[in-house]
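Asks: There's a structure below that I have some questions on.
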Protein chains: 2
Amino acid sequence: MAKQKKAPRPKAETPKGFRDYFAAEVTERAEMLQKIAGVYHRYGFDALESSAVETVEALGKFLPDVDRPNEGVFAWQEDDDDGRGDWLALRYDLTAPLARVYAQHRNDLPTPYRRYAMGPVWRNEKPGPGRYRQFYQCDADTVGAASVAADAEICSMLSDTLEEVGIPRGDYIVRVNNRKVLNGVLETIGLEDDELRASVLRTIDKFDKVGETGVRELLGKGRLDASGAYIDGVGLSDAQIQPVLEFVNAFAAVQGKLALEASRALEEGATDRAQQLDRARYAVSPEFRDTPEIANDEEAKKIWTTRVLDHLQDLIGNSTVGFEGVKELRQISELLLAQGYGPNRIMIDPSVVRGLGYYTGPVFEAELTFEIFDEKGRKRQFGSVAGGGRYDDLVKRFTGQEVPATGVSIGVDRLLAALREKGRIQSHATGPVVVTVMDRDRMVDYQAMVAELRNAGIRAEVYLGNPKNFGNQLKYADKRQSPVAVIEGGDEKANGVVQIKDLVLGARIAKNATLEEWKERPSQFEVPRSDLIAKVREILEGQADA
Amino acid sequence: MAKQKKAPRPKAETPKGFRDYFAAEVTERAEMLQKIAGVYHRYGFDALESSAVETVEALGKFLPDVDRPNEGVFAWQEDDDDGRGDWLALRYDLTAPLARVYAQHRNDLPTPYRRYAMGPVWRNEKPGPGRYRQFYQCDADTVGAASVAADAEICSMLSDTLEEVGIPRGDYIVRVNNRKVLNGVLETIGLEDDELRASVLRTIDKFDKVGETGVRELLGKGRLDASGAYIDGVGLSDAQIQPVLEFVNAFAAVQGKLALEASRALEEGATDRAQQLDRARYAVSPEFRDTPEIANDEEAKKIWTTRVLDHLQDLIGNSTVGFEGVKELRQISELLLAQGYGPNRIMIDPSVVRGLGYYTGPVFEAELTFEIFDEKGRKRQFGSVAGGGRYDDLVKRFTGQEVPATGVSIGVDRLLAALREKGRIQSHATGPVVVTVMDRDRMVDYQAMVAELRNAGIRAEVYLGNPKNFGNQLKYADKRQSPVAVIEGGDEKANGVVQIKDLVLGARIAKNATLEEWKERPSQFEVPRSDLIAKVREILEGQADA
């Protein structure tokens with residue numbers, strides 16, 4: 001008889017583009033999210049947890065970066081008898097579900113509705129290094145408030161949040177722009193076509209990557225990219241490109257103007273004025289943003305903001321939508337300045353466009369400005385950790401009525417990486433006290449010890465593997481990063497004592513100490529069984545102080 | 001020209017069987033999970049968050065309740081060029097992913113590996129009232145420990161967890177059984193067939209629903225169920241059924257024996273002994289479990305446990321596996337008693353079988369024993385909130401090597417419902433202080449106020465809707481359950497004051513007060529603008545004390 005073939009063993013692998021998170025990775029994220037939730041709550045935002053699964057119909061097609069292949073969602077069709085079940089999908093962000101939730105529950109929800117949400121989202125994209133198909137987002141949105149005060153609030157909340165989780169002032173900047181201003185500029189150059197406008201938007205968004213020259217080429221005929229491939233341009237004329245670039249480069253233009261004014265003031269002998277104009281000029285420069293002379297000069301910050309807004313005003317000509325956009329930015333700035341959020345924390349920056357097609361007004365982006373070394377060992381700024389804006393059309397898809405909405409999404413993993421980079425994460429890597437097993441028939445004694453330790457609030461466990469090899473038990477304690485091991489063999493039991501090993505000190509002595517130090521500072525202590533808790537606590541406290 | 005047809009609007013609905021969670025529902029669950037994580041951490045367990053998506057191959061077919069239609073997972077096939085992409089699915093529990101994680105990372109993980117996990121799982125089942133297709137689980141497992149000390153630890157941890165989240169001792173019981181004992185009983189009646197054994201298991205599991213008579217019928221020829229349908233039985237003979245029922249009913253049998261002994265002792269004039277036997281008899285009875293005479297009588301609890309184990313020993317005859325099972329239960333009991341977990345908290349109960357096929361040794365179940373009223377207004381015990389057991393074969397699927405494992409899963413939503421039922425959830429329904437908008441041009445002033453309040457740690461917001469109708473603003477504050485509203489109109493601004501309304505007191509006065517009380521206890525106060533924070537804080541503290 002032929003041998004029956006066994007089914008092959010399943011592979012123990014996460015699907016491509018997915019990963020597992022262990023121990024401190026999980027708890028550190030949870031703690032950061034809890035701090036963020038605290039700020040959101042203080043601002044009056046309520047928690048919302050919608051289901052991970054939505055109908056494809058409800059999700060709609062608002063995925064960013066629509067020009068990338070393999071874009072999309074994880075979707076499947078519901079089983080039903082006639083094969084016409086609904087198509088369901090995993091949510092790809094937290095905004096599309098919010099629009100659905102608000103449309104569904106709008107009669108029960110307060111208006112405006114401020115909500116925050118935290119959780120995983122899924123993207124059916126080609127995975128790459130450090131690029132996962134499941135990741136966390138953390139959003140806050142206000143639905144039903146047309147006032148730009150709602151946008152300003154999102155910006156100040158974002159600023160507070162970054163400081164709350166441990167990014168010091170000066171190490172971040174929240175940039176604000178307004179789609180309407182850009183639309184105004186495009187109106188002045190006679191660009192009405194929506195497709196063309198979207199292309200311009202996507203091109204400007206590459207400013208950080210390809211620089212001014214690159215954007216100029218891409219807005220015009222096109223350019224050779226680094227790989228040698230020719231990228232077709234949007235096809236604007238030079239006369240059309242110029243105002244767009246002046247818009248994107250407003251930052252540099254205003255700095256230039258202020259430098260000119262300052263040197264004129266100096267010529268006229270108005271030294272104080274010249275110095276203030278100089279401070280205004282550097283109000284948003286990363287290298288000076290946290291110097292007290294600038295951060296505390298309210299007048300300089302006001303000058304900066306006013307000049308940027310005036311510059312934009314010039315660019316939008318007679319455009320009504322452009323005028324409205326500048327007015328909104330002016331209101332946002334006033335509100336923020338009145339609450340103490342100057343341009344050293346939140347600044348107007350016309351180079352921010354945000355890729356998503358659905359934004360209709362103000363857009364925001366939070367960037368961390370300290371430097372890190374990238375994979376290739378080059379210094380670069382950490383970059384963006386959050387973004388958002390106003391989207392007045394998302395709920396309308398469901399209800400037919402326009403519902404104003406604005407919000408922000410924090411890139412949880414990037415922010416966590418930044419905090420680790422800055423050493424702002426309290427380490428939770430400390431393992432439990434390990435009670436070793438010298439005599440497997442006395443498990444009852446060891447369990448009683450560990451119960452005592454736990455009842456005293458000390459993280460502790462009995463070694464539950466095969467106790468035969470004592471060396472394995474200490475190796476295990478080492479792998480667990482245990483601070484202390486407890487040993488009670490037959491002799492100890494008979495004498496009513498236990499051995500307590502300070503594993504942290506032990507490791508340090510083993511590494512560095514001379515023989516004299518070794519003798520002077522023993523890392524193992526014999527104490528009466530009744531002193532177990534007190535001695536363990538003493539050692540743990542000593543380690544915490546060290 | 002024909003009018004272009006517009007696409008119909010998408011429906012704003014969660015998919016069938018899914019739901020949204022709002023505000024306090026989210027934060028209360030998060031707080032409960034945090035407390036549970038605290039206990040797990042103290043026991044030396046490390047957090048693990050695996051991806052929500054697994055390959056269908058890795059998940060395997062371990063779903064419970066295999067006899068139900070529409071069982072299963074949400075699954076889809078990966079896109080690739082030749083249509084042979086992997087099948088992926090949402091996890092249906094947290095145990096199958098743990099087996100995959102351990103097999104994948106076993107060289108980097110400590111052994112034994114203690115881990116906890118919390119998060120949603122998905123079941124592609126027919127939804128019903130209160131039955132959702134996405135729900136939370138919260139698991140703790142020890143992988144790589146063959147010792148029953150690991151099972152005992154899971155039980156004591158479960159007991160600690162229930163008390164930590166707010167279930168008082170006496171209101172819960174952790175029941176422990178051992179599959180091996182049941183297998184021993186089945187061996188003695190000559191039942192070797194795996195399918196038949198599984199049917200017996202599923203039948204016993206219905207004990208709570210159909211009672212002893214029902215189980216007897218279902219183990220034999222079958223029975224008419226409540227709807228009038230005839231359910232086929234397993235087909236055992238009466239001689240086979242008897243030992244199975246004695247096993248399931250061990251509880252009652254042991255109580256009967258103890259009652260008999262007690263009355264004999266009384267006849268012999270041994271009053272103290274008779275009373276202790278009576279206390280032993282009631283050691284696990286819900287109505288006496290929390291009475292001090294019984295809960296503190298260690299000897300009575302030992303007697304109970306010993307008698308149950310002796311009873312089981314009788315039932316398994318010469319079965320080797322049965323003998324092993326009883327020995328394991330004896331060890332677990334000893335370990336637990338030594339740590340102070342008597343049968344009033346954790347008891348041996350042979351009626352616990354747990355539906356899942358994959359358990360191989362000890363099984364546990366935590367039940368809440370206080371009474372609630374069900375949908376039909378009938379009193380009943382709250383019932384099961386957690387369960388688990390030992391499963392030594394799950395990792396073997398991947399590696400070919402048997403890896404012992406044991407763990408527990410808490411039904412998060414049921415436990416949360418229990419805590420609400422017991423009034424053990426601190427309410428978080430308090431809304432923010434609402435700063436009303438009397439003059440929309442002075443938004444800057446209102447935002448500054450709200451910033452002051454937030455900086456003082458007070459949850460606060462400005463009304464961001466259309467401010468024209470002041471009544472709408474107060475209605476909004478009401479819907480938000482705001483404790484306090486702040487009002488600053490033109491007159492107040494001119495006089496440097498603000499109006500502060502105590503909305504909680506206001507609502508109470510409006511409901512109950514006589515005109516005199518109304519006059520004596522005003523709910524609106526005019527204070528200098530500079531006293532805003534102090535007065536709001538005073539009112540909030542007063543409300544908290546009330």
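Cβ atoms are placed via backbone N, Cα and C, with glycine included.
Unlike curated entries, TrEMBL annotations are predicted automatically.
Small disclaimer: the values here were computed from a predicted structure and weren't measured.
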Asks: For the L-histidine site, TrEMBL lists A:Asp93, A:Leu94, A:Thr95, A:Gln137, A:Asp141, A:Arg354, A:Tyr358, A:Tyr359; sort out which one of A:Arg84, A:Arg106, A:Arg123, A:Arg345 goes with them.
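Replies: According to TrEMBL, the candidate sharing the L-histidine site with A:Asp93, A:Leu94, A:Thr95, A:Gln137, A:Asp141, A:Arg354, A:Tyr358, A:Tyr359 is A:Arg123.
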Asks: Taking only the residues the record lists as binding L-histidine, namely A:Asp93, A:Leu94, A:Thr95, A:Arg123, A:Gln137, A:Asp141, A:Arg354, A:Tyr358, A:Tyr359, what is the largest Cα to Cα distance between any two of them, in Å to the nearest whole number?
Replies: 21
Asks: Using a 10 angstroms cut-off on Cβ to Cβ distances, just flag whichever of A:Thr95, A:Gln137 is the loneliest among these binding-site residues.
Replies: A:Gln137
Asks: Would you mind ranking the binding-site residues A:Arg354, A:Tyr359 by how many other Cβ atoms sit within 10 Å of each Cβ and giving me the lowest?
Replies: A:Arg354
Asks: Name the secondary structure element type, per DSSP in three states, that contains A:Gln137 (L-histidine binding site).
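Replies: Reduced to three states, the DSSP call for A:Gln137 (L-histidine binding site) is strand.
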Asks: Inside 10 Å of the Cβ of A:Asp93 (L-histidine binding site), count up the other Cβ atoms and send me the figure.
Replies: 19
